[in-house]
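**Q** One structure, pasted below without further comment.
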């Protein structure tokens, strides 16, 4: 089978265009191309998409740069005037929405200056830059200036799915046959008897179409919910005088938005204030070089990304008036990239479809030849009647129905169904899957490279210890009111300046007057420490003017600020990674509060303090300052600082993380911690989590990046902890792990993590701490930043793979039996025991209902006690072939005996004996499938009932199948060619079906794979100790 599927292989991430074209062209037998490829990206549309995107980007780029140059020569006063509408005047505004949009879109700085700058624009739209928009004004602003929403493609209605299901070629042929059958039947047999066969087929088609459409429609609703979740972005704004978080869709013109590194600019606007703001405009204009935004270049465009710095912006244009909105309207995304499993099952469906088509043609030919020979031998070859035409039409309908059953259209669609179900469940479990293939690939992951802060730890940080003036002070357990340090006044003043000035966060009051600290967990811990010392954020900010800010950068691992001193001169503050910042110091504040030279002895002493804090799993930061005669024109100084304090921040390990790590290790998944923290802190946390074990290696990023490629490759399998790492180190680690055959999942939250997230097989961005840039480059967003959620994604990834294997095993068994029993019977008796209507019902059991039952089963704990699914593992394993062959042989023997010797065995005679026998065969066949569906819940385990009633979908499908089978046999005989059965015949049918469970037990005792488990897993010893060799 693997050789036959060579054309049906694609990479899970960023598949090549050639591979995608190859498998599409290899899919030759498709009953309903519209439905089969509904969720698969159209390559022709994709090419048009890219062309259109580049055209729009070029248009925007020309608008930015050519118009901007041209506007330099146009007098602002000579520009067209916009007449204010009465509606705008009555709302209290003095500028039109189109005028604002035009000014920003054209980068018209002269027009902005002519209008008085951002302050005057704020007055024209009736907003205070300090207080922001009043909540009561939001509806009016949305009405006048528009909402921050983009035109979206309307959702598909249920009737569209019905119409799509009717595109099945075989169903169309059967409908034509049914109509002809009704016409000929009424003419020969009269009304209503002549209508039964044709009407039965039409009703069966209607049932198949409705069940298919309902399943597809519900699936589309799941994808719509997921798509809605993907578009959720929150932004920080000032409203009603306080800083708050709102949805990007609730943004209105006049809002004052706070931007920081990694944010997406949520609307068009004007720069109000900020530091070192660099904007990546590549998504909009295609320009790779970042644009510097400041008072001289004040315009910000929706959809661009903050690459560096921080700022406040005034929103001037929202929604479809922005260039980003127009781009989003024009470019409609055409489906998802296909997953490897979808492609593989398209291949399986194609191969089986070809076999089924051959059998269908052979069946029709054999039936026709036998019919002609019978007419010839009976001497009526020259005498043809409408009844003969009806018989031939019936043969044709049976052959077409064999194609309906034989072409397993549901195989690739079952993957989509299973993934949609898994994604919906994961969303409720706080994991948002952005790309379908990621959920599938996660089942094969062999390694998780995880951050420490917020993922393994709670991200609820507090300053637990502080070293200052040669003393270590510890926060008392339960103490929340104060942090008594008894410092000299001057030292305390400088310390509070360093805390409140050198921060990217804010201390604000909420609506109830309670103090709130906004910002990253580390910043919140430092600011809370400052408040406990009696400091006041707003007072400090008013006392000193900030001249320059260098925001925290994960490469430099520090942030700095320069403030003007009241008596002249300036003071620089810096805080960051202890070892790095300590090297920048020349002096230290001693026990008397005096600044003294930093001798080697003192450096050793401070290093010991840092090491002591780190060994207690505390995150350490150094706070330093430097007085300057004047503000430097370039970057802030990198040396000559005076050490104020070392703080130790406690961030407890999340409950359940150790157990989750052990679950990974038992599943053959190696967990590696990659953190920017001190190596001692990293090792202490890693030991607590169970990541750092005996024989494992902890290494610093600087040491790792200095290794040669050969040395790197040799030690990578042993690395369990990487400390003081840069984003580039994470990328290098991920890249090398993939080269040695690992399937790597990596977590990231910062803008600089984007390359590693993109490089990894599965990129996992943090939903709380993650920036928009990180989320955009990720495959899965972990909404609660919790490591346990990552393990849950892996569990569901494995469940998807196993569930599809179960469904394939079940469907192939039905295929084999239905094909052979009809073909052999046609060859020997000249008739097919299963009619078109019956085959359509069987097709629904094995296709839509079978997929619903088996492809949506929740994961069980046993999945995480096996090794990951190998990328090269054969999807249809030897164990599956054993089960398929065994069940097929059993069913064929039983049904064959019934077909050829049933009348004598069951002592049937009389005019209805053939009808009763065919009904018993049909009933037995269906119950064989019902019990085999239960057998398929476990491919190798004997106990197939474990957790069966936990899956309500499975239970519901089984119940519906049995109930409807009773209705078909007992009440719809005229349409389905069945007759009511006695209780003995019902019991016999159920007994024949249930015996397949005993057959399954016998089959599972036959070994076929010695070293591999049934589903491509290697069995592992239980417990974490086995992971050391992974």
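In case you wondered, yes, glycine gets a Cβ from its N, Cα and C as well.
So TrEMBL lists the following for this protein:
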- 112-186: domain 'Cation-transporting P-type ATPase N-terminal' (DOMAIN)
- 158-182: transmembrane segment (TRANSMEM)
- 194-214: transmembrane segment (TRANSMEM)
- 351-373: transmembrane segment (TRANSMEM)
- 393-422: transmembrane segment (TRANSMEM)
- 812-832: transmembrane segment (TRANSMEM)
- 914-932: transmembrane segment (TRANSMEM)
- 953-977: transmembrane segment (TRANSMEM)
- 983-1003: transmembrane segment (TRANSMEM)
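Map the listed features onto the structure and describe their local environment.
**A** Under DSSP, residues within the domain 'Cation-transporting P-type ATPase N-terminal' (112-186) fall into helix, strand and coil as 48 helix, 3 strand, 24 coil.
Through the fold, the transmembrane segment (914-932) approaches residues 810, 813-814, 817-818, 821, 833-835, 838, 841-842, 845-846, 887, 891, 894-895, 898-899, 902-903, 906, 908, 958, 961-962, 965, 969, 973, 977-979, 981, 985-986, 988-990, 992-994, 996-997, 1000 of its own chain, all at least 6 residues removed from its boundaries and within a Cβ separation under 8 Å.
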**Q** Out of 351-373, 393-422, 953-977, which stretch has the largest tally of CB pairs under 8 angstroms to the transmembrane segment (158-182)?
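**A** When the Cβ pairs under 8 Å are tallied, 393-422 comes out ahead.
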**Q** Mind checking which residues of the chain, 6+ beyond the ends of the transmembrane segment (983-1003), have their Cβ under 8 Å from one of its Cβ atoms?
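**A** That would be 882-883, 886-887, 890-891, 894, 906, 916, 919-920, 923-924, 926-932, 934-935, 942, 944.
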**Q** Over the domain 'Cation-transporting P-type ATPase N-terminal' (112-186), work out the mean pLDDT and round it to an integer.
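**A** Averaged over the domain 'Cation-transporting P-type ATPase N-terminal' (112-186), the predicted model reaches a pLDDT of 89.
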